[in-house]
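Novice: Okay, these came from TrEMBL:
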BINDING   G41, V42, T43, G44, S45, G46, K47, T48  ATP binding site
COILED    502-578  coiled coil
COMPBIAS  619-637  compositional bias 'Basic and acidic residues'
COMPBIAS  661-671  compositional bias 'Basic and acidic residues'
DOMAIN    1-379  domain 'Kinesin motor'
REGION    615-680  region 'Disordered'
REGION    742-776  region 'Disordered'
Amino acid sequence: QYSFKEVFGTHVIQKELFDVVAKPLVEDLIRGKNGLLFTYGVTGSGKTHTMTGSPGDGGLLPRCLDMIFNSIGPFQAKRFVFKLDDKNGVDVQCEVDALLERQKRDAMPVPKTPSGKRQMDPEFADMINVQDHCRVEEVDEDNVYSVFVSYIEIYNNYIYDLLEEAPFEPIKPKWNSCNTPVRNADFIPPQSKILREDQNHNMYVTGCTEVEVKSTEEAFEVFWRGQKKRRIANTQLNRESSRSHSVFIIKLAQAPLDADGDNVLQEKEQIILSQLSLVDLAGSERTNRTKAEGNRLREAGNINQSLMTLRTCIEVLRENQMYGTNKMVPYRDSKLTHLFKNYFDGEGKVRMIVCVNPKAEDYEESLQVMRFAEVTQEVEVGRPVDRPLCGLTPGRRFRNQAFREELSRKLEMRGGPINGETEEQSVAEMFLQNFPPLPSCELLDVNDDQTLPKLIEVLEKRQQLRQMLSEEFAKNVLAFKSMLQEFDSSVVSKENYIQGKLSEKEKTIAGQKTELERLEKKIKTLEYKIDILEKTATIYEEDKRNLQQELESKSQKLQRQASDKRRLEARLQGMVAETTMKWEKECERRVAAKQLEMQNKLWVKDEKLKQLKAIVTEPKNEKPERPSRERDREKPVQRSVSPSPVPNAPPVRLRHRRSRSAGERWVDHKPPSNLPTETVMQPHVPHAITVAAASEKALAKCDKYMLTHQELASDGEIETKLIKGDVFKTRGGGQAVQFTDIETLKQESPTGRKRRSSPSNPDPPGDAADSEWTDVETRCSVAVEMRAGSALGPGYQHHAQPK
């Protein structure tokens, strides 16, 4: 779907198309503005038919010519009053120079262009027989107009003048196989023209033939003469395909009349030269459809290249206007775009007629044409309006004509001068007719005494009548003088009155001017204040926006800080609760350990006291029974401080504390590398899960953890350490162990013990009872290690290691 300003159906008539498209361009032409109208489309879509028309139904070009001459017909200047120069300008000549030019032209043997009375060429007579009589309203009647036409074509990117009188063969130029002209004396190839730029930066074709025409018929005959020279050829798509772009240029020169309304004002600055260009573009075509070869193929390539350049220029203009860029428009890439550069830069109105052929074979080409035509509507060009002002009274032409008609009418009626002189002469003649006629003054005889007396009498009567008339005239003069004096006095009084009024008005005007100046100054001051206030408001709004942005950023920052603070508080609360729980457990553990240590110390002291008491109270002749060597060789069992291991030796009634973790589940981690110890006292943990390697599954089921670690002591004995800890859950959902206690189990050999006093030659085992202890200290040191009343020897020791 494509959108255009106007869409015409297949059965639209030429008049309707002209009224919508071309009529506004003709109105602008007569008002001094430039215009460009061109037809665009695929080959064979009807561009030339739209521009030229057909017999009985003229196209846009003859209708434009007819409307121009219908509008300016009675206001046309005589030939050669306007004369075009070779720099795209126009000069105005006086009537004498124009007359000389006309006489020189009439004396030339070249046949004149046809007038309306001559028989027209029947080939195009029907095309210009337009019965609409369309004309422009409100044509400036105080101007004179002249129309100049020229006709050019752009063929293979060269410009040729179709009105040039050089003889050449237009349709089939003689080219040889090397694409060079054949040297034939009868054939003169056409000379291409050059584009130049005038002082107003408008492009024009130098040396182009421009013909002054005075009627529609004359102008169309000039067009038809150039149309016969235009290059056309037969292709697969069109029997008469245009092989070049044709441009028919209509120039309208107009200048105001002088103050009398008789002659053209001889000032070049007051001349307005407007131009309407009617362009019939050659159709875009694909060579695989036209089956073009040789010259036809070269022509098609140049046609498509020039149309592509036109499209590129339009797209660059559109891009510059839409995106504010300043890309260079490639006008010079083609003669077509270079010629109409000033139109695209804003020097006039541009109209495009897109011709579409509803054939299935032209579908793709038609889409490209309509897409390009739709884009061109988005290009805006400026409309310069600068028309010089002559400062003369409007309507002077018709007033001068009316004056001349009245003058000629009175001359015919009176046969002499007009106005007051004729009336005075008629009154004098009337008085002269009242005078008595003079008698015959011829004297035939010397004695004639009648002729002279009659003559004297008549002369006296005439003298009396003349005197009477002179007196009456003097009276009339006096009366007229008095009337003049009265009139002068009344005029003076009126002048005084008017002067008074004028002085009052001038004072009023001066006061109003001062008031206007004051108000203007006040307006300027207020405008300045408004500008300052607007700038201040803009600054405040900018500050407000900045403050709002700063406020929003700070509020967001505060929200983030508040959320971080809440998260930190929650984290700290969790850490405080966790630390509190941990330290509570640690305190409980330390209190329990201290209590156990104190109980052990008390128990040791009690045991020492009991042994001491038993030694003290024992009779001196009694000797203690010495334990056997087998029992001395047994290894002493260390008693752990931890409450969890329970000794298995039934003969020894050791005192042990109850574990804090009774009722809790333990993970008993025993690595497979540990060696079993054959000690009497073994660690025993009830409700324990024994594992060879620590696992999260086992830790999740228990809240206590114990690792059995073995290492070789310095004396070569195995030392077993029980490393204990608490199991708690982490925030990530896992398990962690915090070690809180270490118990050490150690075996010692009693063979290394020495007694303080023993004979150098020990007694045999049977004589053990005869040995005696030397002093109380040695016995006390041994007795401390035994329970009171126990039958055991000193080999069993209890070593308590405080934490």
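Yeah, the Cβs are placed from backbone N, Cα and C, and that goes for glycine too.
TrEMBL does not curate its annotations; it predicts them automatically.
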Novice: As a test of the contact definition, list every same-chain residue at least 6 positions from K47 (ATP binding site) whose Cβ is closer than 8 Å to its Cβ.
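Specialist: For K47 (ATP binding site), the qualifying residues are T39, Y40, G41, S242, D280, L281, G283, I353, C355.
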Novice: With every protein chain in view, how many other Cβ atoms are within 10 Å of the Cβ of G44 (ATP binding site)?
Specialist: 22
Novice: What is the number of other Cβ atoms found within 10 Å of the Cβ of T43 (ATP binding site)?
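Specialist: I count 24 other Cβ atoms within 10 Å of it.
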Novice: By a simple count, how many Cβ atoms lie within 10 Å of the Cβ of G46 (ATP binding site), its own Cβ left out?
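Specialist: That number is 16.
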